[in-house]
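Grabbed the feature section from Swiss-Prot, which reads as follows:
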| type | residues | note |
| --- | --- | --- |
| ACT_SITE | Lys10 | active site |
| BINDING | Pro95, Val96, Thr97, Ala98, Gly99, Leu100, Gly101, Gly102, Gly103, Ser104, Ser105 | ATP binding site |
| ACT_SITE | Asp136 | active site |
| REGION | 289-313 | region 'Disordered' |
| COMPBIAS | 292-307 | compositional bias 'Low complexity' |
Amino acid sequence: MRLVTLAPAKVNLVLRVGPVRADGYHDLRTLMVPLDLGDRVDVRVSARRGPVRCTVPGRPELHGPENLAARAAEAFRRRFGVDRAVSIRIEKRTPVTAGLGGGSSDAAAVLRCLARAFRVRDRAALAALALEIGSDVPFFLGPGPAWAAGRGERLSPADVPPLDLVLVYPADPSLAIRAGDAYRWLDEARAGGPQAPRRLGRPGRWRPSLLGNDLQAPCVARKPALQALLGLLVGAGATAAIMSGSGPTVFGVFPGRGAARGAALAIQGRAKGGAAGVQVLLARTVRRHPRVSPWRSPRSASSPSTRRSSRPT
């Protein structure tokens, strides 16, 4: 059996960070939304016993058992007693270690594909398995935009209208940010100044005034070049611009698709003119995660009968 799906990237429209807990994690209140861009994940399940294999064309450093997608497949096999060989192929489009949830989304995509292949419908068991793999993975199993609390495992649906975004990812290795470092910098800033951990409050209705990220200030303090990227977005017409997750990707919210497209072109032009090493992505938030579909060959996908059957009903 061969299944394919999109592993969407995400942004955090809101990220509020509470104090560090006894287990070393922080309590969070975050609003995450999936995007219409992401990785293409192709999962093949053999009829024979065998290992899990994971390949990422063009990114050999992401091959192998340490990839979150491969770890998700192994965890699924252990939990549900599966010994079939599983081959995973990921066409990587979401930047890596960017605050966009790419690896977590790939892992969730594999879980969704395997759940369909083996007819696993126990959502609670899948959610628990997802949390073992990573804090963001449960979100990518859910229906769409959601408020997440705790480590990210307590999810409640959120009504977020489609938003047109421009994402700017600095590919310069000196601007890379490990998630653990971002939270440590926030803890250090709070310990050394008047900024106390905020009261997280309860999830509410989304409104633009909520846009914000507690990790942004300490990350910008350590990586001042991020402030220039935020300025590029505002200068190109964004109504607001913030960092996503633990960064270093920043994004701007624009009043429409045309405005976002024009801004993306302008920022790309600026990048060619001197702000080298940035990747500019045009995206829109979506209300649902993508479905898992049977793989179809390019020939069958382009046939008249397939085109008719693939139309929404």
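Every residue gets a Cβ built from N, Cα and C, even glycine.
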Which residue, out of the binding-site residues Pro95, Gly101, Gly103, shows the minimum number of other Cβ atoms inside 10 Å of its Cβ in this structure?
Pro95
If you count, for each of the binding-site residues Thr97, Ser105, the other Cβ atoms lying within 10 Å of its Cβ, which residue has the minimum?
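Comparing Cβ neighbours within 10 Å for the binding-site residues Thr97, Ser105, Thr97 has the fewest.
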Non-local Cβ contacts of Asp136 (active site) (under 8 Å, 6 or more apart, same chain)?
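Spatial neighbours, sequence-distant, of Asp136 (active site): Lys10, Met32, Gly101, Ser104, Ser105, Gly152.
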Using a 10 Å radius around its CB, how many other CB atoms surround Lys10 (active site)?
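Lys10 (active site): 27 neighbouring Cβ atoms within 10 Å.
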